[in-house]
Amino acid sequence: MLLNFKSLLELRYLGLCTHLAISRYASKGGGKIDQEVLKQLEEGYKKLTESNSKSLLKKHLTKEIFEKLKTQTTPSFNSTLMHCISSGLCNHDSGMGVYAPDPEAYKVFADLFDPLIEDYHKCFKKTDKQPATKFGKGKDFENLDPDGNFIVSTRVRCGRAVKGFPFNPCLTEQDYGELESKICGAVMTLSGEYKGKYMPLTGMDKCVQEQLIADHFLFKEGDRFLAAAGASRYWPTGRGIFLNDTKNFLVWCNEEDHIRIISMEKGGDLGKVYDRMVGGVEALGKQLEFNRDERLGFLTFCPTNLGTSIRASVHIRLPSLMCQPEEMKKLAEKYRLQIRGTSGEHSEAKDGVHDISNQRRMGLTEYEIIKEMHDGIKGLIEAECKARNS
Ligand code: ADP
Ligand code: CIR
């Protein structure tokens, strides 16, 4: 049943996106919702409410909000509620289930986004405002595992949207090309430790691609949550990766966000990894204009990444703690950490290696977000040592 609905949605998307591609240039605003889309929204919403989905979409999309939003469209791109929630309607196992098709969607569909944002980012209320960017200095953060007993590697990333472009579901094939040229032009100006090369996904040798994924450098393909959100259109057009010569600084082009800026290396030197990412962000910010909202901070496709858009993670082994899942869950909640599998979101842990990162990215400055992650990982390592000795 869900499958039929999913393929219907995907088919529908092709139609919607053609429509969007035209409407983007033809008419601004005043969009009317297609009756067929409305019917599918009603059906999908009914199935979601009858399901046992634990998604924040199901929790917060009340009947009242659904009725209010189901015919709304964004002024510049005519995005609908279907664009926002198709991922969660197709994937009842979503954690969130919601994406913003364009920056205006956060305002037009605020009755849905605001409670979701407050829930995910722990208390970022609709009256709250993301503080001004403040990176601070990485030297304040010690190496989390100087003897190399727990941490395999450390990674800090942030997302950026280029001003003037919508997000994936509304991008035309031409937009993907234009974005790639802009981003590629910017990364190729990087010098010193950042100097490297850009590799487009189009035409990339399969073995090279697989190796880059296995090394945790490159994004995977075929994420069903993103695909259902309309983020895989024209794939692999406009997608690619920039890698510096030392392979510890990367830029993803047009995957989930227009840009993901990533610093990573073996070991637990969080401060060094963080400083490298900040240097890269600042250098790219001189070449590109990023989209930042007064209230929400840096704008991203997924509401989990708003604010600072920073996810700082370690690949870590905590065998004793992982044998006590209830204790681990309690500690993760206490320290506001998120646990993922070894190959990223929605993956399993291999050889006991978990990806543990800050959960929230909003309501704190960049520096405070890194401190929250730093203190949390330190706390987990202390708890692991205690568990080993008890
Ligand atoms: P994000 O949303 O931060 O981009 P994903 O969960 O999609 O993260 O993971 C992207 C890739 O980054 C995956 O291959 C994942 O294993 C890798 N990764 C995440 N954290 C680390 C880390 N600390 N060390 C090495 N690789 C990492
Ligand atoms: C989901 O809803 O599960 C996916 N769309 C991913 C949500 C973002 N991930 C996260 O927890 N930070």
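The backbone N, Cα and C atoms fix where each Cβ goes, and this holds for glycine too.
Annotations in TrEMBL come from automatic prediction, not curation.
Residues annotated as domain 'Phosphagen kinase N-terminal' in TrEMBL: 37-122. Taken from TrEMBL, the feature domain 'Phosphagen kinase C-terminal' applies to 150-387. Positions annotated as ATP binding site by TrEMBL: 153-157, His216, Arg260, 311-315, 340-345.
Feature map: annotations from TrEMBL on the structure.
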residue: Ser153; record: ATP binding site; Cβ contacts under 8 Å, 6 or more apart: His216, Met264, Glu265, Lys266, Gly267, Val314, His315
residue: Val156; record: ATP binding site; Cβ contacts under 8 Å, 6 or more apart: Ile262, Ser263, Met264, Leu270, Val273, Tyr274, Met277, Ile310, Arg311, Ala312, Ser313, Ile370
residue: Arg260; record: ATP binding site; Cβ contacts under 8 Å, 6 or more apart: Arg157, Cys158, Gly159, Arg160, Phe219, Leu250, Val251, Trp252
residue: Arg340; record: ATP binding site; Cβ contacts under 8 Å, 6 or more apart: Ser313, His346, Ser347, His354, Asp355, Ile356, Ser357
residue: Ser343; record: ATP binding site; Cβ contacts under 8 Å, 6 or more apart: His216, Lys220, Lys350
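Annotation note: Ser343 (ATP binding site) sits in a coil segment as assigned by DSSP. With a 10 A radius on its CB, Ser313 (ATP binding site) counts 23 other CB atoms from all the protein chains. Averaged across the domain 'Phosphagen kinase N-terminal' (37-122), the predicted model reaches a pLDDT of 97.
DSSP states for the domain 'Phosphagen kinase N-terminal' (37-122), grouped as helix (H, G, I), strand (E, B) and coil, give 51 helix, 0 strand, 35 coil.
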